[in-house]
Amino acid sequence: MHAKSYSEVTSVDQSSPARSPRRPLYYVQSPSNHDVEKMSYGSSPMGSPPHPFYHASPIHHSRESSTSRFSASLKNNMNRNGNLSAWRKLHRPPGYDEEEEEDDDGDNDGDRDSKWNRKFRLYLFLFVLFVLLFTVFSLILWGASKSFHPQILVQSMVFEKFNVQAGSDPGGVATDLMSLNSTVRITYKNPATFFGVHVSSTPFQLHYFQLQIASGQMEEFYQKRQSSRKVTTSVSGHQVPLYGGISAIGNWRDQRQDGVEVLLNLTVAVRSRAYILGRLVKSTFHTKITCPVTLSNKKLGKSHSFNKTCTYN
């Protein structure tokens, strides 16, 4: 625009009517969506051509230079970052929500995270299901094994040697010393249909009340399913001090009686271990046996049968 003198403005105002339209203004149009470098520097709303002195206006030069700098800066930023985020922000439609653009950028990452979470939950579910099924299966096997309790029967006992003589204990105390040899026979049966058992026991012990006079250890063995065997164990005692504990034996030795009978107790505890599913599932059976037996010097070498006289716990 060119400057006008005060007189020219006054003359124009006096000659023009009171409601004459104001002279149209020029403005800078925003860059189009298709080309950031094409800028329109001036246009008229009424379609009038640009003023001949418009390009010479200092205002135009300042706007043109600022617009050029902004366009160049925007292009450099786009080339440097490799995306059009800044350019898109210039051309957002009315009512555009900035959060929608951020949501679009995060959709891909969200989808990947969602797929990974679904896979993780699936694998976790399968693992828990496997553990649960394995536990239930193991409990079923363990419960079924309890119905196959081993069958143990003490058949007989034979006293092979019995001797009492005067002597002294390791501390030098004078007392009667007794020596005894005997053999115990038992039958062991495993009725289980799907597992074998490992069998062991505590020592066989012969007691006269609280006094132990003989003992013997049964050998460990493995018993297959639905099978049985006979086991023989030696129970003996050598020069066991009596300290007057067995009065019948003392009287028999002193009075030289023809026969003597002493009531004894035979005790043993048998343990059977079944590994049903390796060592993960195992079942243990304990059987405590007590059998009363009579020791007689007149029945040496003869078998003493335990006909339903033993107790099994």
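All positions are counted from 1 along the displayed chain.
The backbone N, Cα and C atoms fix where each Cβ goes, and this holds for glycine too.
Just so you know, TrEMBL annotations never went through curation; they're auto-generated.
Fair warning: this is a prediction, and the values are worked out from it, not measured in the lab.
Here TrEMBL flags 1-58 (among others) as region 'Disordered'.
Here TrEMBL flags 7-18 as compositional bias 'Polar residues'.
For 84-111 (among others), the entry in TrEMBL reads region 'Disordered'.
Taken from TrEMBL, the feature compositional bias 'Acidic residues' covers 96-108.
What TrEMBL lists as transmembrane segment is 122-144.
Taken from TrEMBL, the feature domain 'Late embryogenesis abundant protein LEA-2 subgroup' applies to 186-288.
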Taking only the residues in the domain 'Late embryogenesis abundant protein LEA-2 subgroup' (186-288), give me the average pLDDT of this model.
89
Which numbers of helix, strand and coil residues does DSSP report for the domain 'Late embryogenesis abundant protein LEA-2 subgroup' (186-288)?
9 helix, 64 strand, 30 coil
